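Here the structure is laid out as structure tokens; the discussion comes afterwards.
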Amino acid sequence: MIISKEVKLVVENEDAVTSGEVENSEEEAMELSLRPQTLDQYLGQKRVKKEMSIYIKAAKQRDEALDHVLLYGPPGLGKTTLAFVIANELGVHLKSTSGPAIEKAGDLVALLSDLDPGDVLFIDEIHRLAKPVEEVLYSAMEDYYIDIVIGEGQTTHAVHVPLPPFTLIGATTLAGQLSAPLRDRFGIVEHMQYYTIDELEKIVQRSSDVFHTSIAPEAAHELARRSRGTPRVANRFLKRVRDFAEVKGEKTISLATTEGALKQLQVDDEGLDQTDRRLLRTMIEGYNGGPVGIRTLAANVGEDMETIESLYEPYLLQHGFILLGPRGRMVTDKAYLQLGLPVPGDK
């Protein structure tokens, strides 16, 4: 197997990334510095890290490509970052793309044909692959070959193209939308969980160091507490709170500034934002708390169904604001109380 010393990122936009090096800019460099390079640097997801560490070591000891990996869970939990870390730990190149970007089977064939032994192909939003594209993956994943049809009419014939052993890492927010044949070809399946407040605090403190910003411990805790268990949200909030602190002339981000900034951003003490509250109010005021079907809800709030199901519902479900039943979603008493509304049946 050919092993390289560092991860080489290849994406569709070659103007943005060339030879694995992102074009220099302070903001891009800062974003890259937030991304851990090893499993030890990767915060949170302890179970996933422990398992992946074993699988990676075993693959390296056998001098084999790592088995194909499926990472699923809500957005912003570090699936893409973990894919980069896995490739880095393996010491191989990583090529990155997304399901919607692979429009036809030929696009995927070109990607697969350009892989070196042991390389990682990362496909984000893999549930959005077109069916003809997905079918090309079956033989590629299972037996490391693809059949290419050449010619037209009576001259049509299939060419058998062997592929080097490689690892496909697929990421999805909607694992249920993967077809069974594709899902069954992943030897490693990992469910990414929401982060604890303590884990998010560490991420906030690490990110503040990268941003050359100081944040008070109580401010970091409050920011982490309202970040929906999601590192991406925590980092986004930190950037905005940093803006407020700089305008106020604070050298260290205070709790008061953090609370004031999050209030301005309309993020409440449970981490609910304007869209969360609109979803809950729609179910309460328009449908007496539910049950409400996803199509009806999406039409009423002006969001697409996939966004609601992947971005908003997982957090609302896990934190007890809604329940899912056979006829749709229903709000809980906790949702009424959070919105300051009387709970039905209470006197």
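Each residue's number is its place along the chain shown, starting with 1.
In case you wondered, yes, glycine gets a Cβ from its N, Cα and C as well.
What you are looking at is a predicted structure, and each value in this text was computed from that prediction instead of being measured.
Here Swiss-Prot flags Leu34, Arg35, Gly76, Lys79, Thr80, Thr81, Glu142, Asp143, Tyr144, Arg185, Tyr195, Arg232 as ATP binding site, drawing on sequence analysis. Around the Cβ of Glu142 (ATP binding site), 12 further Cβ atoms fall within 10 Å across all displayed protein chains.
Following the DSSP three-state reduction, the secondary structure of Thr80 (ATP binding site) is helix. All protein chains considered, the CB of Thr80 (ATP binding site) has 18 other CB atoms within 10 Å. The feature Mg(2+) binding site is assigned by Swiss-Prot to Thr80, with sequence analysis given as support.
Annotated DNA binding site per Swiss-Prot: Arg329, in sequence order, evidence recorded as sequence analysis. Sequence-distant neighbours of Arg329 (DNA binding site) (same chain, 6+ residues apart, CB-CB distance under 8 A): Met283, Gly290, Pro291, Val292, Ile294, Leu297, Glu313, Ile322, Leu323.
According to Swiss-Prot, the region 'Large ATPase domain (RuvB-L)' annotation covers 13-195, on the basis of sequence analysis.
Under the heading region 'Small ATPAse domain (RuvB-S)', Swiss-Prot lists 196-266. Computed over the region 'Small ATPAse domain (RuvB-S)' (196-266), the whole-number mean pLDDT of the model equals 96.
The annotation region 'Head domain (RuvB-H)' is assigned in Swiss-Prot to 269-347 on the grounds of sequence analysis.
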Same chain only, sequence gap of 6 or more: which residues have a CB within under 8 Å of the CB of Tyr144 (ATP binding site)? Pro162, Leu163, Pro164, Pro165, Phe166
By DSSP, what is the split of the region 'Head domain (RuvB-H)' (269-347) into helix, strand and coil residues? 42 helix, 9 strand, 28 coil
Count, for each of the binding-site residues Leu34, Gly76, the other C-beta atoms lying within 10 angstroms of its own C-beta, and report the residue with the smallest count. Leu34
If you run through the region 'Small ATPAse domain (RuvB-S)' (196-266) with DSSP, how many residues end up as helix, strand and coil? 51 helix, 4 strand, 16 coil
